[in-house]
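Straight from Swiss-Prot, the features:
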type: ACT_SITE; residues: 142; note: active site
type: ACT_SITE; residues: 184; note: active site, proton donor
type: ACT_SITE; residues: 254; note: active site
């Protein structure tokens, strides 16, 4: 299938490329995309694949009075997982109301919010290399060590959807800028914030072409209208360079560049 990444990706940057649809668990020599919410696509990306619709599902494997055991396809959107948890009175997915993307992408970056993350209720992941138990995966902050493709995952959730947490999360990320963006450019370094460092070196609101380091939150890159890959990449590398020169801190990408 052909995907126009200027329309498909959240930052609205990219060209049209042929994307291979994977309808079953298999090896694939390339990059597997999800919702393209934290993705910047270059003019010459490597092979791109996407999961077929057969991996968009939530299946109940077991349930009792205390918990429910789910298998979820990695093309399933976070919003669908959140709604399922809320409708079935399940605890542990409340934060997904504020994190866009598909399950595969969430697992790849161990996505989370307010001290919670997608790996916390995980049992195992089905990959192109076989099924891998959570106990054998060394997740860390915004990090998953597995360099393979994900197809479905299983979770164990307790009952008791947290309505207070859900309400509190409604104001989470209210400081984030609007507009076409891939979210945070960099991971926060330990005991600091990437946005603070970028602002401290004078780059908050700095533009190159139609790409801008947001004047509301410096760790966000905004496509004002028709930003190019080159403009966006220039700003990312400029911010990294300036912060390292000033503070000796090497900012690590949260955005994935292919």
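A Cβ is built for glycine as well, from the same backbone N, Cα and C atoms used for every other residue.
Note: the Cα of residue 254 (active site) and the Cα of residue 184 (active site, proton donor) are spaced 6 Å from each other. Summarising the environment of residue 254 (active site), the number of other Cβ atoms within 10 Å of its Cβ, over all protein chains shown, is 18.
Counted within 10 Å of its Cβ, the other Cβ atoms near the residue listed as 'active site, proton donor' come to 19, all protein chains included. Summarising the environment of residue 142 (active site), the number of other Cβ atoms within 10 Å of its Cβ, over all protein chains shown, is 17. Residue 142 (active site) and residue 184 (active site, proton donor) have their C-alpha atoms 11 Å apart, to the nearest angstrom. Following the DSSP three-state reduction, the secondary structure of residue 184 (active site, proton donor) is strand.
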